[in-house]
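Have a look at the structure below, then the notes.
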Amino acid sequence: MKIVADENLAFTDYFFSEFGEIQHRAGRLLTAHDVSDAEALLVRSVTKVNQALIEHSQLKFVGSATIGTDHLDISALQQQDILWSNAPGCNAQAVAEYVITALYHLDSDVFERGQDFTLGIIGLGNVGRRLAKMAALLGWNVIGCDPFVQLPDIHNLSFDDVLQKSDAISVHVPLTHSGSHPTFHLFDQHAFASMPASTILINSARGPVIEEQALIQDIYQTGRKVVLDVFEHEPVISEQLLDVVNLVTPHIAGYSLEGKARGTQMIYDAFCKVFGYEASKKFETQLPVCEPFFQQQDLKQILKAHLRAIYDIAQDDHNLRACVKDGQVDQCAFDQLRKEYPLRREWAAHGGPVA
């Protein structure tokens with residue numbers, strides 16, 4: 001069996017080498033020729049799996065080690081009788097920890113504010129729910145907005161109410177262009193006009209959920225603090241945008257070792273089910289032991305003392321800004337940052353809590 005895999009997927013050799021030949025490819029550059037004689041394709045969100053890519057292939061299975069599926073043309077896969085799977089929730093814990101780290105980077109007193117700090121969460125799926133639980137451990141007031149989810153322990157308000165009542169807003173929605181609640185340009189000039197100037201905005205979901213030019217104008221007018229891990233025109237990222245945003249990272253919010261390994265594990269499990277193999281391997285056996293930072297009882301004090309050692313988010317910001325060339329981020333350098341990213345560990349690896 002020939003298996004084509006994105007070169008940046010974690011542990012592909014460990015999980016898949018026993019099944020046949022693995023060809024590692026740059027996901028953004030994958031072509032129809034690359035997959036023409038493959039039976040399985042393993043991708044990330046940078047690969048657009050569409051009719052042009054798969055129509056002349058022998059593919060029987062496509063696995064995407066991602067939460068989202070907007071890069072997969074589901075109807076095209078179904079027309080070709082190609083089974084597919086993604087990895088919902090694989091890096092949800094990592095993203096939740098990223099958001100908390102970003103907030104602490106912007107406000108070193110945020111852990112002391114307790115119920116006086118209101119975190120608004122847009123989208124209460126795998127990531128949003130985990131973030132809400134982690135925020136509750138820190139004593140924050142949590143409100144949310146999700147027309148498709150009702151959770152008994154989260155105040156689910158209207159979108160406008162969350163915009164108006166939050167000290168910080170974190171976005172965790174899929175990218176959708178149709179339906180009753182499309183998320184494309186959910187944050188436009190009207191949304192920004194509803195938000196107090198002091199409200200922090202964090203987007204680690206999908207770039208086009210925020211209208212970039214409206215965001216830039218809002219920051220000019222309000223001085224709003226903003227954190228972006230995703231960008232509307234990614235991998236095209238303008239220097240104009242970077243100049244006004246407080247914290248930028250190269251689409252790595254979910255890049256923990258556990259998150260990436262878990263994503264590959266999930267598509268491995270699906271692969272085995274499709275092809276009739278026993279799924280006997282577990283990613284946990286491949287992870288090294290970490291220093292146990294969380295040995296005390298006071299979570300806030302532990303985070304204040306060790307959060308930077310666990311994840312230095314400022315370094316990611318510096319590295320992305322260093323990729324600017326001729327007015328925008330160099331796309332090759334952007335992809336290289338992600339390819340060579342030193343995967344951080346989730347708090348649980350250090351003895352910390354899991355949502």
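Just so it is clear, glycine is given a Cβ too, placed from its N, Cα and C backbone atoms.
According to Swiss-Prot, the feature substrate binding site maps to Ser45, Thr66, Tyr255, an assignment based on sequence analysis. For Asp146, Asp229, Gly254, the entry in Swiss-Prot reads NAD(+) binding site. Feature annotation from Swiss-Prot assigns active site to Arg206, Glu234; the stated evidence is sequence analysis. Annotated active site, proton donor per Swiss-Prot: His251, in sequence order.
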Excluding its own, the Cβ atoms lying within 10 Å of the Cβ of His251 (active site, proton donor) add up to 25
Which residue, out of the recorded positions Asp146, Asp229, Glu234, shows the minimum number of other Cβ atoms inside 10 Å of its Cβ in this structure? Glu234
Taking the Cβ of Thr66 (substrate binding site) as the reference point, list residues of the same chain whose Cβ is under 8 angstroms away and which are at least six residues distant in sequence. Val43, Arg44, Ser45, Asn86, Ala87, Cys90, Gly263
Among residues Ser45, Thr66, Tyr255 annotated as binding substrate, what is the maximum Cα-Cα distance? Answer in Å. 13
Would you mind sorting out which of Asp146, Asp229, Glu234 (the recorded positions) have a C-alpha within 10 A of the one on His251 (active site, proton donor)? Asp229, Glu234
DSSP output for Glu234 (active site) maps to coil
Near Arg206 (active site), meaning Cα within 10 Å, which of Asp146, Asp229, Tyr255 (binding-site residues)? Asp229
Looking only at C-alpha atoms, tell me how far Tyr255 (substrate binding site) is from Asp146 (NAD(+) binding site), rounded to the nearest Å. 25
Rounded to the nearest Å, what's the C-alpha distance separating Gly254 (NAD(+) binding site) and Glu234 (active site)? Just drop the number here, would you? 16
Among the binding-site residues Ser45, Tyr255, the one whose Cβ has the most other Cβ atoms within 10 Å is Tyr255
